Structures are given as C-alpha cells and as structure tokens.
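Q: Here TrEMBL flags 7-118 as domain 'Acyl-CoA dehydrogenase/oxidase N-terminal'. The feature domain 'Acyl-CoA oxidase/dehydrogenase middle' is assigned by TrEMBL to 123-214. Annotation comment: TrEMBL describes 227-375 as domain 'Acyl-CoA dehydrogenase/oxidase C-terminal'.
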Amino acid sequence: MIDFTFTEEQEMFRKAAREFAETQVAPYVAEMEKTAKVPAGLVKALGEAEMMAITIPENYGGLGLGYTARLIALEEISRVSVATAMMLQVFALGIEPIILFGTEEQKQKYLPGLATGERLGTAAVTEATGGSDPTGIRTTYRKDGDDYIVNGRKCFITNAHIADTLTILAKSEDDPKAFCAFIVEKGMEGFRATHEEHKVGMRGCNTGELSFEDLRIPKENLLGEEGKGLKVTMAAIGDVGRGGMVGCALGLQAACLAESVKFANERILYGKPISKLATIQSKIAEMRIDLEAGRLLGYRAAAQHDATGRASNEFAVAKYFTTEAAQKAAKIAVDIHGGYGCMEEYAVSKYLRDAAVVGPSAGTSEIMKVIIARWTLG
Ligand SMILES: Cc1cc2nc3c(=O)[nH]c(=O)nc-3n(C[C@H](O)[C@H](O)[C@H](O)COP(=O)(O)OP(=O)(O)OC[C@H]3O[C@@H](n4cnc5c(N)ncnc54)[C@H](O)[C@@H]3O)c2cc1C
C-alpha cells in the first residue's frame, strides 16, 4: 500500500517550522521588502533554529534529516517569506557539492560552521553567457603549480554579498570540455562581490554579481576530480536546486490560497461574502487543486530522494508544476482581491511580484520540459 501520510515526527517538524516562520521570520518581512537586505538577526535566528543544519550529516554538526524535512521547512518558511526560503534553498545548493564530493578535510573544515549558520553558503554557476546552458560559462581556470588561477564573472547569484563559502564552476582555459568546481572563501585575494541586483520580487534575499580577478585557489579547494566539475555542479542542481524551488513555490501557493480565502470570506458584496459567488469558489477550488497536486509531486520526489538518493527527474516534474502553479495562484489571488490586490498593503500584490521570480531559479520551465522529455523519451 502507498502511504501518503506524514510521520508524527514530520508533523512535529512542520509545526515547529511554521511556528518559527510566524514568530521569527514574519517580523522581518516588511523591513526586507523596504531595504532589500537580509537582516543579520534573521540569519542568526535561522542558524539557532537549525534551519541551515537540516541536510548536513550529523557527524559534521548537522541534523541529517533529508529532503522531506527540508521541503517541509522551506514550504513553511516560504508561506511567510519566499525570499528567506530562497536564501536557504541556495545556501543548501552551495553546500551540497561539499557533502557529495568533498574530501574528509573539506567536510571537517566547512560543514560545521555552515550547519550553525556561522558561515553562509551559496552556489555560483550562472554567467551572462551561461544560464540554461552552463557549458557556456566563460569563467576560466588554469593550473599554476599546486594552485588554480580563476578569472571571470558570475551573475544572478543568491547570497552573493553575504556568503562566506561559495562553490563555483569554472572552465579550463585550454579545454572547453573540462570544468572544475571549487570552494571559494570570502576574503580570498581576487574575489569580489560587485553589483547588487534590484529584483521585482523576493526583495528580501540578496542577489548579485561576483568577480574573480586572478583569484588563486589552492588545490585543497578543488571539489571532486579536476575536469569533472560539471558533474559536481549538476548533481547538486538536479536534486537540491529543483527540490528547493518546489519548497519556495509550495509555500507561495499556500500563502496565496490562505489570503484569498480570508479576503473572500470577509469581503461583502450584494449583502454577502464574495466566497458565496460561484466564480470565486471556482478560483479557490483551482488553487486548492494545484496546491494538493503540487504537494503530492513535491513530497513524492522528496520521499524518493530520501529512499534512493536520487530524484532529479521527479523534482523536474514537481518544479515545473509548482512554480507554474505559484504564478497562476498569485494572479488568481490578486484577481480575487479586485482593486485591493493592486495595493501594496495587501500581501497578494507582493506574492505576484515574488511569483515572477520563482520561475527561472534552478532552471526555467522550458528547461524542466527539456529534462522531462529527455527522461521520458529515453
Ligand atoms: C532570483 C534568482 C536567483 C538566482 N540564483 C542563482 C544562484 O544562486 N546561483 C546561480 O548560479 N544562478 C542563479 N540564478 C540564475 C538562474 O539559474 C538562471 O537565471 C536560469 O538558469 C536561466 O538562465 P538565464 O537567466 O541565463 O536565461 P537563458 O538561459 O538566457 O534563457 C532565456 C530563455 O530561453 C529559454 N531557453 C533556454 N534554453 C532553452 C532550451 N534548450 N529550450 C527551450 N527554451 C530554452 C529559457 O527558458 C528562457 O525562457 C538565479 C536566478 C534568479 C532569477
């Protein structure tokens, strides 16, 4: 028999994550919208609540809880702040290559500090010439004795200005088919976080550009085998990246539905709440159907990953469905609010802006379809 229920432990974890989001994250949301900065107090709270530790193995100071727990936490945090969920999602994307491919020394050196939130992580792959196609990147590496010299620029990097430990991808100066993944530390000579983006939505997470000018990286910071860095990066994006965006999208869908239900029950027209109108009921039902379906897809993929260690295709399906559904839900939520939906004091106007940003991260919907078609066609 297929068991679709969460365990008692998972339910308790969800309750704790929801309480954390409502009490520790919610107070920062207005400030983040206004300043587009990640408050230091929020990072500290996330660390203390062990939100950074979820997927890090226990012997490196983490909770070793796996993908279902991570999805629960991201969904609950995203219901309150998609931006904060996004920050956490890319944090995990940055550290997964260390968990999967790191040497014992690298794991001992980086993971405990990342698990407590003392250090923030990120993944830097995208460049102006390499987003959907990471092989198009122009950041290069060359050997210099035992070190590597890296030159190039990255764009659209989450946590760019606040990360201490970054996993980056570079291409060989001599061989366009050879890539290396490296661990870069803030403060290394030649490394700079440069332009800060001003996004239409998810304003409360930091996104920006990075510059590497003759950045000298010691061989101890190479992740996986020299020349095989694309495999290192794609292994993390396939599961952690897509899975994380599912969490962001589910939380946003849930928030859109909750605000719409509240408004529909409170807004009186023709002497009764608009929730009595058949068209409003139809919109609410559509949102509910998409949320239920998205949860089934997302948690199935997460459970599969917990059981087998791999679910990148299943996460592609879930990512496609939930990010599209989040955009649809935000549009419906604004519509249900009538003119109020266009006003900034109503949360749904923010949800619509946030929804515009959940699409491209960790691969666009078109790229998800390419992956799903390849999987299906064999
Ligand atoms: C808020 C935000 C945070 C991000 N954070 C990070 C981060 O932390 N680290 C990081 O490395 N990157 C990050 N990214 C980058 C993200 O991964 C890329 O934006 C994404 O992969 C798309 O790449 P692109 O923007 O270059 O678009 P392009 O690749 O230029 O795509 C343009 C259009 O072409 C379509 N397209 C491309 N290829 C195909 C194809 N084969 N078939 C059909 N259509 C196609 C795309 O779907 C899209 O519609 C972030 C992006 C955003 C918006």
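For all residues, glycine too, the Cβ spot is worked out from N, Cα and C.
Remember, TrEMBL labels are computer predictions, not curated facts.
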Q: Under the DSSP assignment, what numbers of helix, strand and coil residues are found in the domain 'Acyl-CoA oxidase/dehydrogenase middle' (123-214)?
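A: Grouping H, G, I as helix and E, B as strand yields 3 helix, 50 strand, 39 coil.
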Q: Determine the mean pLDDT over the domain 'Acyl-CoA dehydrogenase/oxidase C-terminal' (227-375), rounding to the nearest whole number.
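A: That region's mean pLDDT is 97.
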